[in-house]
Amino acid sequence: RMPSIFSYQSAEVDWCESNFARSAVIAEYYNTDGTSLLSFLLLAPLNFLGGEEPHRVCGRMELCHLKVPLLLAGVFSMYFHMTLSYVGQLLDELSILWTLAVAYSFWYPQAYFPKCIKTRRHFFWLTGITTIISTLMSFVKPTLNAYALNCIAFHLLYMTWKELKKCNDKRVHRMAAVMVMWWALAITSWISDRWLCWLWQAINFPYFHSFWHVLIALSLLYCFPLVIYFNVSYEMPSFKPKLEYWPSDSWPVVVPYITLEEPHKQC
């Protein structure tokens, strides 16, 4: 008899943390708890972006469209690590895929569109069709989905590098470096948990996937404002974006955000 796709531990993936070690209900306690922290950290940058004019930025930059997908990604990830079910695994991975699709649809610079794509509307269709095909393919071999999703980060890093070559703002370069640092630590934790589980279980420290959740959230905390900064240059060229930190530059842990400086009207 085939196990139910909703059953506990019916997923094709099982992370290094021991199952039900801390709770009879939660399969991976620390991975689930780390995901709950992730969902809050993911939403944090969207609450601060725009500085004194969040509503205008939200309307023009479509920031609000990301809040729901990000929240769903956090909830589905919590459900997956709590149950390790097949449905939970697919919901976790597909919610990330569709969140990336929304981000690409609204934020991908038109200057980098394929030559056959002339408008943002056409790009929406291209992204949508690609995402639907990727969704269907994800059912073929679910164990490969996480690797494929992580590979998208290399394209984002490449785009960031191309944009940084055209930017002279040292604060932006510093923020990009911090973003890459957190991402490198995050992906190292993910790979370590996946490939060196035997080692971490031998020393009774199988928690690197929970570190991944927190570290990737910290990376995204810097990634979102960075994307907005570059996007303003394309979509709102009459405004001058400026990188700021909340609560202040002197704090060791800060939330970066973007303010928009309106150009003075000249007679």
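Just so you know, glycine gets a Cβ as well, placed from its N, Cα and C.
Residues annotated as Ca(2+) binding site in TrEMBL: Asp14, Trp15, Glu17, Asn19, Glu28. Counting every protein chain shown, the number of other Cβ atoms lying within 10 Å of the Cβ of Asp14 (Ca(2+) binding site) is 13.
Annotation source TrEMBL lists Zn(2+) binding site at His81, His209, His213.
Here TrEMBL flags 70-88 (among others) as transmembrane segment.
Tertiary neighbourhood of the transmembrane segment (94-111): same-chain residues 61-62, 65-66, 69-70, 72-73, 76-77, 120, 123-124, 127-128, 130-131, 134-135, 138, 145, 149, 152, 159, 227-228, 230-231, 234, selected by CB-CB distance under 8 Å and a gap of 6+ residues from either end. What TrEMBL lists as transmembrane segment is 94-111 (among others).
Taken from TrEMBL, the feature transmembrane segment applies to 123-140 (among others).
Sequence annotations record features per position, and here TrEMBL assigns transmembrane segment to 146-161 (among others).
Taken from TrEMBL, the feature transmembrane segment covers 173-191 (among others).
Positions annotated as transmembrane segment by TrEMBL: 211-232 (among others).
If you take the Cα of Glu17 (Ca(2+) binding site) and the Cα of His209 (Zn(2+) binding site), they are about 8 angstrom apart, rounded to a whole number. Taking the binding-site residues Glu17, Glu28 in turn, the residue surrounded by the fewest other Cβ atoms inside 10 Å of its Cβ turns out to be Glu17.
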